[in-house]
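The next block holds one structure in the form of structure tokens; read it before the comments.
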Amino acid sequence: MILPSICYGLFIAKLEENMIVMLMMMWAGPKIIALCMLIPPSDTISDEAQAKKFLLEYNSTAEVVWNAYTEASWTYNTDITEQNQQLQKNLEMANHTQTYGHMARKFNTTEFQEASVKRILRKLSDLERAALPQDQLERYNQLLAGMETKYSVAKVCRPESTTCHPLDPDLNKILAESRDYKELLFAWQGWRNESGRALRTDYKEYVQLANEAARLNGHPDNGAFWRSLYETPTFEQDLEKLWKQLEPLYLNLHAYVRRALHKSYGEQYVNLRGPIPAHLLGNMWAQTWSAIMDLVIPYPNATKVDATPAMIAKVGWDVKRMFNESDNFFKSLGLIPMPSEFWDKSMLEKPTDGREVVCHASAWDFYNRKDFRIKQCTVVNMEDLITVHHEMGHVQYFLQYKDQPISFREGANPGFHEAIGDVMALSVSTPKHLQSIGLLDKVEDNHDSTINYLMSVALDKIAFLPFGYLMDQFRWKVFDGRISDQDYNKEWWNLRMKYQGLCPPVRRTEEDFDPGAKFHVPANVPYVRYFVSFVIQFQFHKALCEAAGHTGPLHTCDIYQSKAAGKLLGDIMKLGFSRPWPEVMSNITGQPYMSAEALIEYFQPLIDWLRATNDLNKDVLGWPEYDWTPSGTSGHLHPHLVIHSSSLFPHFVTLQPYSKMYKIHYFPQNSTPHN
């Protein structure tokens with residue numbers, strides 16, 4: 001193990017030089033000795049050549065340490081019983097980060113000429129969790145591993161039955177396919193009882209340690225650290241500006257979907273002037289609504305773009321075929337094919353040998369420039385076909401920047417990484433492309449079919465936007481103290497009401513911890529990257545379509561087989577984190593900022609249709625009857641009140657928090673929630 005005191009205490013000690021070397025040989029090995037002799041014990045260093053030698057040494061050692069940690073983490077994620085090795089390797093990685101981070105802080109880069117040297121040293125100087133004292137670091141790692149384990153092994157059992165359902169695929173399937181109100185409620189409430197509720201105490205302690213690590217690195221709190229990754233002083237204001245541009249589109253979609261659900265479930269469960277019960281939208285978190293397309297399809301007799309029936313019916317469309325199709329798409333652009341290690345070592349399906357695994361789909365870089373994998377419990381359907389392209393987009397990014405220094409093996413910003421695979425999916429999901437791979441029999445080019453197609457995309461892309469925005473709004477406020485640990489659940493539902501117009505279908509209390517029912521909360525994964533990616537992927541899509549020579553509406557573009565589009569994309573992926581993201585954005589789009597213009601252009605036909613349809617139905621935009629509750633709910637957490645006007649572009653009037661105006665109806669702590 002590399003000890004953080006090697007290059008400090010030993011130099012400071014008034015020992016003979018040969019004794020210092022002997023002790024270093026015992027504790028650290030020759031590479032660290034050479035490095036320590038390179039770095040003086042106390043003075044700052046202004047020698048750029050010395051800095052370059054230091055970074056070469058860091059890169060070679062980091063590849064070894066990070067690879068060992070990633071292997072241990074993979075073993076744990078694919079067999080949840082193997083936690084101890086992951087925790088040990090995590091500590092070794094933290095010690096390595098701490099050692100080199102303290103050394104990096106000794107360099108004075110003011111006169112350095114190479115921007116990349118300054119950029120890496122600045123990045124290394126933030127030790128992240130490794131800044132914590134050893135006992136706190138061990139506890140921090142234990143908390144994260146424990147929360148992810150509790151989440152991943154949670155199951156919901158039927159009353160008076162031995163049948164228990166994991167999230168993936170059972171509960172997800174119920175939320176997507178059932179149209180029985182009470183069955184949906186069973187899955188929705190049960191998952192929150194078994195996952196989120198079990199994490200509340202651990203999460204409170206995690207917040208304290210995460211904030212302490214952030215402060216030790218010079219950040220006010222952990223949310224400030226997360227935002228610093230975007231290197232944009234106006235990041236929060238930029239996001240709010242984007243949301244205000246997109247909010248009218250979401251409100252129109254919300255009003256249209258609410259009317260369709262009112263038709264299906266009746267006024268006792270859906271109020272045309274109120275929030276939508278969160279369990280009726282086809283997804284455990286109501287983050288995407290694609291699964292209820294059958295309930296909201298604008299033109300039932302026109303073409304419906306759903307590849308799932310064909311995938312299930314056709315011989316040969318198995319999980320391996322889904323990944324092969326994705327690989328073929330990337331190769332058609334002249335990009336890098338998946339290496340043999342990917343096919344040999346990835347976990348593409350849920351194991352059948354009884355192992356508990358973390359099913360949440362993820363892509364993995366093993367930091368040796370040849371081993372890249374995906375872990376996914378893939379199901380043969382169109383939704384997972386899109387997810388496959390998303391995850392393989394991550395791997396393509398890994399492949400493109402694999403020869404960068406290890407500090408630059410990241411996306412230009414976290415949203416870039418999430419956007420790459422989704423850009424591919426925008427082409428893959430077009431009727432034209434699905435027909436070309438045998439998953440759609442006919443393609444109709446008419447108004448009704450176009451609206452159906454854009455609705456299917458909007459139920460994924462537009463429905464997601466407020467959820468992608470509010471997830472970290474919640475956590476940022478937790479980290480900086482605006483949300484206390486006594487109000488976690490209340491403030492979570494405040495935000496879900498404010499941004500999504502959703503309400504819980506049953507009463508919630510502070511015994512619950514509904515944010516923890518979403519993987520990224522126990523797994524400590526920042527989420528605003530997805531909001532960013534859902535905006536910039538349309539900017540990328542437009543730029544790639546122009547490179548491919550596409551003519552016609554943006555939503556009809558398929559960049560398949562365009563080497564020009566592939567080169568444009570590959571060139572920016574190769575840069576990794578080596579350049580500030582506005583520069584990389586300019587390289588692909590010609591503009592150095594995030595913009596909603598391409599997204600709005602893509603959906604313009606649907607925007608016009610939704611406005612006209614909602615106007616015809618005299619639907620209100622927003623949820624003025626915010627305190628309405630579905631039948632069978634005698635009281636729940638009343639969210640922070642935001643009144644929406646019924647004009648097409650609503651102006652928001654934020655009133656005092658409801659809790660200050662009226663008494664909030666809490667469910668008694670010792671009672672059982674309505675089932």
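Here the Cβ of each residue, glycine as well, is placed from N, Cα and C on the backbone.
The secondary structure of Asn95 (N-linked glycosylation site), as reduced to three states from DSSP, is helical. In the structure as shown, the Cβ atom of Asn95 (N-linked glycosylation site) sits within 10 Å of 19 other Cβ atoms. Summarising the annotation, TrEMBL assigns N-linked glycosylation site to Asn95.
Look at TrEMBL and you will find Tyr230, Arg529 tagged as chloride binding site. DSSP classifies Arg529 (chloride binding site) as helix under the three-state reduction.
According to TrEMBL, the feature Zn(2+) 1 binding site maps to His390, His394, Glu418. If you draw a 10 Å sphere around the CB of His390 (Zn(2+) 1 binding site), it holds 23 other CB atoms from the protein chains shown.
The active site, proton acceptor 2 annotation in TrEMBL covers Glu391. DSSP classifies Glu391 (active site, proton acceptor 2) as helix under the three-state reduction.
For Glu391 (active site, proton acceptor 2), other Cβ atoms within 10 Å of its Cβ number 24. TrEMBL lists Glu391 with the feature active site, proton acceptor 1.
In the three-state DSSP scheme, His520 (active site, proton donor 1) falls into the coil class. Under the heading active site, proton donor 1, TrEMBL lists His520.
Residues or ranges marked as active site, proton donor 2 by TrEMBL: His520.
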Distance between His394 (Zn(2+) 1 binding site) and His520 (active site, proton donor 1) at the Cα atoms, whole Å? 17
Nearest of the recorded positions (Glu391, Glu418, His520) to Tyr230 (chloride binding site) - Cα to Cα: Glu418
Measuring Cα to Cα, how many angstrom lie between Arg529 (chloride binding site) and Glu418 (Zn(2+) 1 binding site)? 7
What are the non-local neighbours of His520 (active site, proton donor 1), defined as same-chain residues 6+ apart in sequence with CB under 8 A from its CB? Met471, Pro526, Tyr527
My understanding is the cutoff is Cβ-Cβ under 8 Å with a sequence separation of 6 or more in the same chain; which residues meet that for Glu418 (Zn(2+) 1 binding site)? His390, Gly411, Arg529, Tyr530, Val532, Ser533
